[in-house]
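According to TrEMBL, the feature domain 'Glycine transporter' maps to C:5-77, C:91-164. What TrEMBL records for C:31-50, C:62-82, C:143-163, C:172-195 is transmembrane segment.
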Amino acid sequence: MLFYLLDLIGVAVFAVSGVLAASRSGLDLLGGFALAALTAIGGGTLRDVLLNRHPIFWIRDARYLLVILIAAALTMIYIVFLPPPGNSLLMADALGLALFAISGAQIAESAGLSPLIVVLMGAMTGTAGGMLRDVMSARVPLIFTQDLYATAAIAGIVVYLLLQKLSTPRSLAVGVGVVVILGVRVMAVVFGMHLPRLHALH
Amino acid sequence: MLFYLLDLIGVAVFAVSGVLAASRSGLDLLGGFALAALTAIGGGTLRDVLLNRHPIFWIRDARYLLVILIAAALTMIYIVFLPPPGNSLLMADALGLALFAISGAQIAESAGLSPLIVVLMGAMTGTAGGMLRDVMSARVPLIFTQDLYATAAIAGIVVYLLLQKLSTPRSLAVGVGVVVILGVRVMAVVFGMHLPRLHALH
Amino acid sequence: MLFYLLDLIGVAVFAVSGVLAASRSGLDLLGGFALAALTAIGGGTLRDVLLNRHPIFWIRDARYLLVILIAAALTMIYIVFLPPPGNSLLMADALGLALFAISGAQIAESAGLSPLIVVLMGAMTGTAGGMLRDVMSARVPLIFTQDLYATAAIAGIVVYLLLQKLSTPRSLAVGVGVVVILGVRVMAVVFGMHLPRLHALH
């Protein structure tokens, strides 16, 4: 139930981020819906295909597509009348990243997979939709702006897994994990934090 | 049977469009075959993976790859001797889009999925191969030229679904759906029709 | 067993090539690991998804991810102290291509698929990881530099299949296939060999 809600919220905020990106790139109305849908279902679809979970979440449960349609339509109405707050794309993206990373990790965990794979699967679930959105709207993927994007996801998943180890109740572990990802990501953007670069060759 | 023929023709015309795109991008002989194959099997492969239909169509039935090889080879021979007609890439692409969109919708429909998902699955099946072709040959994807690309697919699928509701015979509904997609797409290119853009932010 | 070893070595060298590409593109530490993992598991993941082999190889067996982590870490340590040899990315890529192309072909073959599909599946398995790496690190994909990239893979797979037909022991056929791919690819780079281009239109 908690997990289902997280997934729905993640889908909604990624849909918002898709519309914002489509608007910036000058796409049309349908392009907005298409990018909203791709961003919102990209990560979870990859997760379900890799873990062989069929039917895929948005095929099994049409509510996901409805949520995307509504979230996208509301965002479009909003941006026609008001300019979106400056960092709205970054914030919606960070929340989607956090929710999907933890939900992807949870599903991999409940499939009995090893921690290393849980981390990788969570990171892929969290980042795939946004990466798809950025490639499709011809922007440099946020994941490559190097402000601790995948790093934030991995940090939150590791915290989530450690809390579980310490018998923290799952809902608390989920909450802390999401907050860690959001916090790391937002601080990274605000303060321009990044990991050391690999030694630049030639 | 009808469905099988549609699929084979869709595969052939997308193979032709792949060779035309490869030629424009200066790829070599094998690049031509590779792009033909990617374009022709991309959409259907995505459809089969998402719907968990295994073996995937071109693995189950080697005739698809044979059709691709033959269509690609004939196109190569043709373009060595004669310049392809100006809009040949656009036309082959529009026909492939129409055939795959309807076939993707049909398969989703016969799996008992809801109309919203049928439309999305059809649109993805129709557009994925061409998008892959355009990304691989480093061109701006036709889907983003904004001349009603995915819109055309969605319009045709909706007409196809409505005709079915009205108990139109399936083969007639398929035909009308294909014609609607082709018609919308061709008119959009000819007359430069497009949907309203999202209000440009920034 | 032989097959397992080939796969592990292929994963390791592709991980090395991922780190080298990440370093050249100025990615950070985690970007290096991410690109190593994507390159190393991309081709095999595509192979397993298309052939419906679940759990996917790196989910079934955590050793693959461990090998990637170790290979990536060693490469990072190396390049901090010493400049990598000039063609190290090309060489690691060529070896990964060779090993994955043959392993992809082997798996398709043992699934009883037709030769045409075996060749296509092998070529896709060999090239997908490197293509993903190049797209993600914003470089022109090696596959499009036109120095017989996919061609090398196809040549080696065909030789491998022919040797099997002639009742050559499998391990010998595998070895020869790998050597053919490596040889063709390296010679193509050294001597700038390429297939004839498709007639450039307009």
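All residue numbers here begin at 1 and follow the chain in the order shown.
Using the three backbone atoms N, Cα and C, a Cβ is placed for every residue, glycine included.
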Item to check | Tally of residues which DSSP labels helix, strand or coil - the domain 'Glycine transporter' (C:5-77) | outcome: 61 helix, 1 strand, 11 coil
Checklist outcome for this item: The correct DSSP tally for the domain 'Glycine transporter' (C:91-164) reads 60 helix, 0 strand, 14 coil
Item to check | Integer average pLDDT (0 to 100) for the domain 'Glycine transporter' (C:91-164) | outcome: 85
